[in-house]
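Engineer: Okay, handing you the structure first.
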Amino acid sequence: MAIAVLHALDSARTQWYHITAIVIAGMGFFTEAYDLFCISTVSKLLGRLYYYNPSTGKPGKLPVNVNNFVIGVALIGTLSGQLVFGYLGDKLGRKKVYGITLIMMVVCAICSGLSFGSSAGSVMTTLCFFRFWLGFGIGGDYPLSATIMSEYANKMTRGMFIAAVFAMQGVGIIFAGLVSMILSKIFLNMYPAPAFSHSPADSSHVLSTQPQADYLWRIVLMLGALPALVTFYWRMKMPETGRYTALIEGNAKQAAADMGKVLEIEIQAEQDKLAQFKAANEYPLLSKEFFRRHGKHLIGTTTTWFLLDIAFYSQNLTQKDIFPVMGLTQKPEDVNALREVFETSRAMFVIAFFGTFPGYWFTVFFIEKLGRFKIQLMGFFMMSLFMAIIGAKYHDLKQNKFMFGTLYGLTFFFANFGPNSTTFVLPAELFPTRVRSTCHALSAAAGKAGAMVGAFGVQYYTLSGKPGVIQKAMFFLAFTNMLGFFFTFLVTETKGRSMEEISGEDGGGDHEAGTQMTGNNTSATTATPY
């Protein structure tokens, strides 16, 4: 049962509006990545500034529970925001709640940098409060951006467009390192100080921590508001997606008018066909019919994203602990506070630029050629392989810093030319329009639950930086990636098919088996086997 507005969207040539939509949605992910990962560049600085204890003879360090919460609280907020905004995106409309997420990101990024208090505990509490709500806004961007992009794109380039939106996460990670690196270098040139171990004993080493460094971490966090602020106007100018207007609101005339203007063509409304279409797809999310049609896919998208994010966020959030082993940073005692930020940021930038960033764009360029399914399987397998090698040969690799860096970088490359991208794309394509945003939110929230395992679990074990601890962590992450490889078989290929065909909304019968039913006739589709 083809509806004109849906057919027009699926067959539309790539236009300037598609590029604009990628940039507008992608800037949300740029902001998300910057906000979530810039905290890793300054977390050690927070320890030096607020938790220095002269009796230890070492630089200040965040207590384990404080460190985990500072790093991980935004992830808790993100999980909550995904569920709330994902649900609202289906109930109120994609556009109506899309701007709220940006406003929250702007306000809370600024407030995070304005976290003040009379004690170290009060500063950290205020910081964690605002980073929770920052994460809440970030969480809303996941299901909304993915859903909006999938519903605007044509079926031949849909995966490429959604992956391009997500690839802006890689740019955000690069800028998190780059901005921190540039600012810390400027501060370092303006406020030189001796290394901790070179400070005069009678000064209790306090001279190695520049007081001006308290401004640095605040500026780094507040700059996360800029990209979201710049994007807000253009995000509000976007019309509601044609699929939501037609299939959820039931307004075929408005959908045809909105999409006709966007695509610069004339589209028939076909209100009568739309009524039949809606009548065939009225089952709710919590129903036997939904689980019969989509239950396996939902289990597949949630489990694979959960397992992937355990590894992905463990890699990113614990970089600062692995960098010294790789020779990218010096020991804390051998540098001053600002120098430590500079070296950590520089190492993060190098790994992101050469390992993380290319993987995202390999996915963009190859997703419509190889398909989502093959890329996800390959990524999980290669991540598991390289992490297992690092774990098994860890002591030898410590003596060969180049090989260590290469293997570590390859785990990032195949995370992004693999499941980190495809777990974002697939939930935006597999489920019906009526629950698409909610199902994407459930999948993404499962991912953030995995990220919290990384932040609160793996972070805890690697905080000491002991070789044996990091070695065990690598074996654990290799195991979770291999689990992700096998759970990938619960999802199916979506390349080159309309979303209504994939979800069975077009009147198809058993869409999971690649079969389309029209009346009493059955015809095979081009679904790729599992």
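Each residue, glycine too, has its Cβ placed from N, Cα and C.
Keep in mind that TrEMBL annotations are predicted by a computer and have not been checked by a curator.
Quick caveat, the model's predicted, so the values are computed rather than measured.
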Engineer: Give the range, chosen from 122-140, 445-463, that TrEMBL lists as transmembrane segment.
Structural biologist: 122-140
Engineer: Which bits of the chain, at least 6 residues beyond where the transmembrane segment (402-419) starts or stops, bring a Cβ under 8 A of a Cβ in it?
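Structural biologist: Non-local partners: 170, 304-305, 308, 311-312, 315, 322, 325-326, 328, 351-352, 354-360, 362-363, 366, 375-376, 378-380, 382-383, 386-387, 389-390, 484, 488.
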Engineer: Three or more CB pairs closer than 8 Å, sequence separation of 6 or more: does that hold for the transmembrane segment (66-85) against the transmembrane segment (161-183)?
Structural biologist: no
Engineer: Are there three or more C-beta pairs under 8 angstroms joining the transmembrane segment (21-46) and the transmembrane segment (161-183), sequence spacing 6 or more?
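Structural biologist: Judged by the Cβ rule, the two regions touch, with the required three close pairs present.
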Engineer: Where does the mean pLDDT land for the domain 'Major facilitator superfamily (MFS) profile' (21-496)?
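Structural biologist: Average per-residue pLDDT within the domain 'Major facilitator superfamily (MFS) profile' (21-496): 88.
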